[in-house]
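Here is what Swiss-Prot says about this protein:
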type	residues	note
DOMAIN	156-363	domain 'ATP-grasp'
BINDING	184-239	ATP binding site
BINDING	ASP318, GLU330	Mg(2+) 1 binding site
BINDING	GLU330, ASN332	Mg(2+) 2 binding site
Amino acid sequence: MSGSSRRGERLRVAVVFGGRSNEHAISCVSAGSILRNLDPRRFEVIAIGITPQGSWVLTDGNPDALAITDRRLPEVSSQSGTELALPADPRWGGQLVSLPPGAGEVLASVDVVFPVLHGPYGEDGTIQGLLELAGVPYVGAGVLASAAGMDKEFTKKLWSAAGLPIGPHAVLRPSRQSLDREELQRLGLPAYVKPARGGSSIGVSRVSSFDELPAAIAAARRHDPKVIVEAAINGRELECGVLEFPDGRLEASTLGEIRVAGVRGREDGFYDFETKYLDDAAELDVPAKVEDDVADAVRQLAIRAFEAIDCQGLARVDFFLTDDGPVINELNTMPGFTTISMYPRMWVASGVDYPTLLATMVETALSRGIGLR
């Protein structure tokens with residue numbers, strides 16, 4: 001069912017959050033911020049949490065329950081509401097049905113889904129595929145771009161094929177335990193060891209000697225059997241938001257900069273999970289203090305990076321600004337939407353307030369529809 005068939009009524013937006021990934025808590029926090037900022041005059045919001053075990057739960061949508069409180073991370077549980085399912089059958093028209101007891105009862109019907117899921121089993125094309133099967137429009141990238149954007153190896157392959165600047169890296173698939181001599185020489189030290197399909201800096205280690213690599217690889221593999229090792233790049237950390245509008249045009253936001261080195265004991269400059277979400281230790285400059293020509297070049301690169309993976313809807317593109325120019329580091333197809341997250345802050349600094357930003361994403365999803373495009 002589309003919003004246009006219910007003229008004069010509010011659009012029903014299902015905000016889906018939580019999920020099975022190790023970024024479950026950050027997804028909850030992002031959803032809380034979105035629930036506070038979706039315009040209630042335009043949207044009827046349905047809040048659906050996914051437990052760490054994968055159960056879908058219809059919740060009351062209370063944003064306060066989705067906040068980090070005294071360093072305690074929020075979590076969806078089966079007691080958070082009524083368990084439900086979205087049938088992968090377009091004939092159901094976006095209806096959400098209860099699971100036993102009362103199996104099959106229609107609990108709600110939605111016009112569009114806002115999948116605020118970070119990491120595997122959500123941001124990686126899986127829920128996007130379900131929504132395509134179910135015939136329900138959704139905010140953000142499609143199946144291919146979501147999968148490619150989640151996997152750092154394939155993101156970099158697509159960027160390299162498009163002639164975009166990326167840093168040295170090597171990939172360890174599950175059958176490989178260590179880097180070879182050529183890779184070690186090419187990457188040098190220090191280096192960063194990361195789960196290939198993760199985010200929020202979870203499982204990431206900075207190594208300053210090759211002796212530290214085995215432990216760092218093991219730490220990353222607790223989150224993903226595939227690991228990527230990246231050369232450390234000496235440069236300022238810049239970010240840029242890309243937003244698609246209902247008419248298909250793309251715009252890049254004002255830039256933001258993350259500064260961690262020397263902040264509250266973080267002389268290594270490593271923007272890890274605790275620095276991001278628990279300690280509030282990073283300094284964020286929005287807009288970033290860069291020359292206009294540099295900002296323009298980074299914004300153009302952000303849109304090229306977005307297009308190179310066939311992205312849709314939105315993305316945050318992360319850069320290092322080196323003496324030789326910008327280098328693209330990562331792209332997030334569903335960036336954080338917490339109160340400290342750079343993506344909404346950069347758009348606010350660009351003159352797009354938070355409710356308008358969210359409304360644009362929903363309108364773009366409805367304009368795009370589903371299926372091949």
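Backbone N, Cα and C define each Cβ position, glycine as well.
In terms of local Cβ density within 10 Å, ASP318 ranks first among the binding-site residues GLU212, ASP318, GLU330. The CA atom of ASN332 (Mg(2+) 2 binding site) is located 27 Å away from the CA atom of LEU184 (ATP binding site).
Cβ neighbour count for GLY198 (ATP binding site): 24 (other Cβ atoms within 10 Å of its Cβ, all protein chains included).
In the shown protein chains, 16 other C-beta atoms lie within 10 A of the C-beta of ILE233 (ATP binding site). Of all the binding-site residues listed here (SER205, ALA219, LYS226, ILE233), ILE233 has the Cα closest to the Cα of ASP318 (Mg(2+) 1 binding site). Most buried of the binding-site residues LEU184, ALA191, ALA219, judged by other Cβ atoms within 10 Å, is ALA191.
On the 0 to 100 pLDDT scale, the domain 'ATP-grasp' (156-363) averages 92 in the predicted structure. Cβ neighbour count for SER205 (ATP binding site): 20 (other Cβ atoms within 10 Å of its Cβ, all protein chains included). Across the fold, the C-alpha of GLU330 (Mg(2+) 1 binding site) and the C-alpha of ALA219 (ATP binding site) stand 20 Å from each other.
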